[in-house]
Amino acid sequence: MDSNTVSSFQVDCFLWHVRKRFADQEMGDAPFLDRIRRDQKSLKGRSITLGIDIEAATRAGKLIIERILDEESDEALKMNIASVPASRYVTDMTPEEMSRDWFMLMPKQKFAGPLCIRMDQAILDKNIVLKANFSVAFDRLETLILLRAFTSEGAIVGEISQLPSLPGHTSEDVKNAIGILIGGLEWNDNTVRVSETLQRFAWGSSNENGRPPFAPKQERKMAGTVESEV
């Protein structure tokens, strides 16, 4: 096993522990708490994949961080902070919409890279909107927290989320997953639109009809046999 993979996991475990202690003192905001919950699932998945105990990794990560801090000068710290692009949190969904449980009558699931796509294929002839909470850097989607598909009545009928065991994804991963979800929902004569906010940050533009500018290859894929995709 690559030593960098192990040490990266150890550092991530300790940093999560620090953030959790901070949150336990009720000092974290909503995006901060969302990241803690998301990263906890990711660390559990990586622990299983790597075969490394999280508690032992956390202790090892603490030693690595302490060594780095002992060697770090204040000036170097200032320069590193200045070089990191500032990201912000964009919310289409309310906390209630993000945390609400939902159920599928005819569940379908697809894994597209590090993202999991779920949808209810029992939904017919509905107007559906895709809304998401995500982080943005340089005015482009950086990390998807959660995407959900809502009918005009407010029911949840689809979802895109990260796989805990495969952390990290690109904006292209997100756009491909959205295309698969739209194709699956439209297969049953539903009308699907993407929120203007999500269009703007994922594609850099927005259409009034809610249809993002998918590439021709993606359009052909969406028009194909959905059952093989979802």
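Cβ coordinates are placed from backbone N, Cα and C, and glycine is handled just like the others.
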Stated Swiss-Prot location of motif 'Nuclear export signal', expressed as one of 127-136, 137-146: 137-146
Candidate ranges 4-8, 24-28, 34-38, 224-228 [criterion: Swiss-Prot lists as motif 'Nuclear localization signal']: 34-38
Helix, strand and coil totals (DSSP H, G, I; E, B; other) for the motif 'Nuclear export signal' (137-146): 0 helix, 8 strand, 2 coil
Residues in the motif 'Nuclear localization signal' (34-38) grouped by DSSP into helix, strand and remaining coil: 5 helix, 0 strand, 0 coil
